[in-house]
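According to TrEMBL, the features are:
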| type | residues | note |
| --- | --- | --- |
| TRANSMEM | 61-79 | transmembrane segment |
| TRANSMEM | 114-134 | transmembrane segment |
| TRANSMEM | 146-170 | transmembrane segment |
| TRANSMEM | 182-204 | transmembrane segment |
| TRANSMEM | 216-239 | transmembrane segment |
| TRANSMEM | 251-272 | transmembrane segment |
| TRANSMEM | 278-297 | transmembrane segment |
Amino acid sequence: MFRNKMDQLIWQRHRRMLFAIAILTLLGVVMVSLVALNNIVDDRETHNLVSATLINQWRPYNGGYFAAYSMWLILAAWLSGLEMMHLDLSDNFNQFLFSSGFSRRHIYWSKIKVAFAVLLLLNVVATGIEYLIYWVGTPHGYTWTIAWPGVLTSWLVGIIMSIGMFAISWFAAEIIGQSGPLVVTIAGFTVSLSGLAGIGGTILHGSPFSLSNDQVMWVGLIAWLVFALALFFWGAALYQHLSLEHNGEYLLFPHLRVPVYIVFVIYVTLLFSWASDGLSMVVAFVLSALFGYGWLWRPRLGEKWHQWRERN
């Protein structure tokens, strides 16, 4: 499947987990498609799976009964980024890679290349299966009509979202060395993105921007893609200095503790106090500052606790 030696090594290393992610994704796509087709029959007022006003427009198909790009593919990208980076950190496979004679830059981008190649193939297969199910399974009396503008737009939006989700889990897995806290951190941040999107939409809809819904969507997607690319290149720079001596610690790059703390406090305060009064902002700031400090410096706090108990 891959000709480059490093690509082959990475593929052999991760193929089982990537195959498991692919199987999970395909099962999810099939399940959602069959459930949607079953629900169509129950809703006797709906006869068009795709709204007639959207068929030939450059807008994504994302209705209640048919999404041209499945959310399961975005989840697959999120899981793949987590697996590709964290697995090698957790069982010291990076030590073998670093001693293989290849540069760290080569190793880093080879991992991304292998992951993207697998995800692209998965996208094609999963989408083909989904469309086949709708083509064959659409009940009599109902229509499933699609056109290239909507399909291409849906794919573009979905791929950009997938790249961003991959970048988030990939970067987090690169800087966080503990499995449990890593999953909690990524899951919490991913869930919070809906709130952040709502804040961004409110700003862009209002004065002085006054953008339409479509314009807000494209501005958000461009910002999302830029954010993902920034994480990839920042991750490449950090990967050059990844030290194996910090394996098992929460942050594999201790010098990032203060910047991460500052960003966390600002982000959480903004998220929970947007459009609220000053008191809510102060409460959100204090709670996020205390929680962030305890979360990032908990080993040191634990040591101080044990020292205090020994003295008393």
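Cβ coordinates are placed from backbone N, Cα and C, and glycine is handled just like the others.
Between the transmembrane segment (216-239) and the stretches 61-79, 114-134, 146-170, 182-204, 251-272, Cβ pairs under 8 Å are most numerous for 146-170. Note on the transmembrane segment (114-134): residues 1-2, 7, 10-11, 14, 18, 21-22, 25-26, 29-30, 33-34, 37, 49, 66, 68-70, 72-73, 76-77, 80-81, 84, 144, 155, 159, 162, 166 of its chain, located 6 or more positions outside it, place their CB under 8 angstroms from a CB of the stretch. Long-range contacts of the transmembrane segment (251-272) within the same chain: residues 89, 174-177, 192, 195-196, 199, 238, 241-243, 280-281, 284-285, 288-289, 291-293, 296-297, each at least 6 residues beyond the stretch ends and with a Cβ under 8 Å from a Cβ of the stretch. Only residues 6 or more beyond the boundaries of the transmembrane segment (61-79), in the same chain, are considered here, and those with a CB under 8 A from a CB of the stretch are 21-22, 24-25, 28-29, 32, 36-37, 39-40, 46, 49-51, 54, 119, 122-123, 126-127, 130, 134, 144, 146, 150-151, 154-155, 157-159, 161-163, 165-166, 168-169, 186, 190.
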